[in-house]
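**Q** Structure below; questions to follow.
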Amino acid sequence: MLLPIFEDIPLADLNTLRLPARAERYAEIHSPEQLIKLIERGDLATQRVFILGGGSNIVLKGDLNAFVLHMRIPGHMLATELDDAWIVRAGAGENWHEFVRWTLDQGWGGLENLSLIPGTVGAAPIQNIGAYGVELADRFFALEAVDLRSGRIISFDKDACQFAYRDSLFKQQGAAGRFVITAVSFRLPKDWQPVTSYADVASYLEQNGIDAPTPRDISDAVIAIRSRKLPDPAKLPNAGSFFKNPVVTQAQFDALVRDWPQLANNPQPDGTVKLSAGWLIERAGWKGRNLGPVGMYEKQALVLVNHGDGKGEDVLRLAAEVTAAVEGMFGVRLEQEPVLV
Ligand SMILES: Cc1cc2nc3c(=O)[nH]c(=O)nc-3n(C[C@H](O)[C@H](O)[C@H](O)COP(=O)(O)OP(=O)(O)OC[C@H]3O[C@@H](n4cnc5c(N)ncnc54)[C@H](O)[C@@H]3O)c2cc1C
């Protein structure tokens, strides 16, 4: 079947910040074969390509002079059962949270701490999504991607993906935008152990009298905590955490903590110290403060929200103000988490 290609398509409903922008060309991709056909026909050769998932981690600056490929590849399955793990596989277009809940319905733990993260399975490896003590990399097995240069399907194992904190090969120059992820598989250990290191998760379990939590209990805890703390993009448009938590050296931390004894921090195994971007933004006076139609969320300073008709330029202006305020006060430079498009 011929793949329908559309022109001048509005993207406001396809990004969770609800930023207005139009795509010059647009197609929904339902299988790797459709994508390969587009490459073979030369449809992607003359124009910049932008790969769109759920639009929950992007900032659209304005109209996109690009061919937007909207990833809708469906399906999830048990790929293999090993002695010590289940290997599960899902299409890039699957909704991440629904996939997590499906694994829990089968009785397979491992992804529960990553419940309720918006977006698609295919985008999850891009920034190595993480929450409540677990990162995608901890459960990752392999992925398949179409190389837009060669039109070939390539498999990537964990090492090849170069996962790091909110980072992977797929964000690096040369690879970003080149590989279209079509399917991802995960290794869910049979010897499942709960991860309850986050205080919020531990206190939810305690308050609910749960001593020996199941994967589903942890998922329910994470859903309850996230629903309380984070704005629902359907009601208040946002892209989740707008800045990464900055990582500083021990010496930088020692100097900062002399002036700011309350400085929220998380020592890392490599000797560096991760600071809380939300804490820094709040102390710099930006929690609950607006700049035009956009602002930093009143309940969580790390989340940038669009109160109505904010545009990409409004978001960038606010991000620059917040970055300057934090740098002026602490000498720490914040780095934006969502991809600027
Ligand atoms: C309320 C809220 C809470 C959030 N909480 C968290 C959290 O706790 N932890 C966390 O890590 N993130 C969080 N996020 C960010 C976001 O949900 C994740 O980054 C998610 O993985 C993005 O998925 P997406 O499908 O929406 O990607 P998009 O926003 O559509 O795309 C993001 C990037 O991935 C690329 N991309 C998308 N699909 C593919 C593909 N198939 N192949 C290649 N490239 C692709 C895009 O080109 C773009 O560069 C949150 C966002 C919101 C709105």
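Using N, Cα and C of the backbone, Cβ positions are placed for all residues, glycine too.
Bear in mind that TrEMBL entries carry predicted annotations, made automatically and left uncurated.
Predicted, not measured: the structure shown is a model, and the values here were computed from it.
So TrEMBL lists these for the protein:
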type	residues	note
ACT_SITE	ARG166	active site
ACT_SITE	SER241	active site, proton donor
ACT_SITE	GLU337	active site
DOMAIN	18-191	domain 'FAD-binding PCMH-type'
**Q** Would you identify the secondary structure of the residue listed as 'active site, proton donor' according to DSSP, in three states?
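**A** For the residue listed as 'active site, proton donor' - judged by DSSP and reduced to three states - the answer is strand.
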**Q** My understanding is the cutoff is Cβ-Cβ under 8 Å with a sequence separation of 6 or more in the same chain; which residues meet that for the residue listed as 'active site, proton donor'?
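**A** Same-chain residues close to the residue listed as 'active site, proton donor' (Cβ under 8 Å, separated by 6 or more) are ALA277, GLY278, LEU302, VAL303, GLU337.
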**Q** Under 8 Å between C-beta atoms and at least six apart in sequence, can you list the same-chain neighbours of ARG166 (active site), or say none if there are none?
**A** GLN127, ASN128, GLY130, LYS244, GLU337
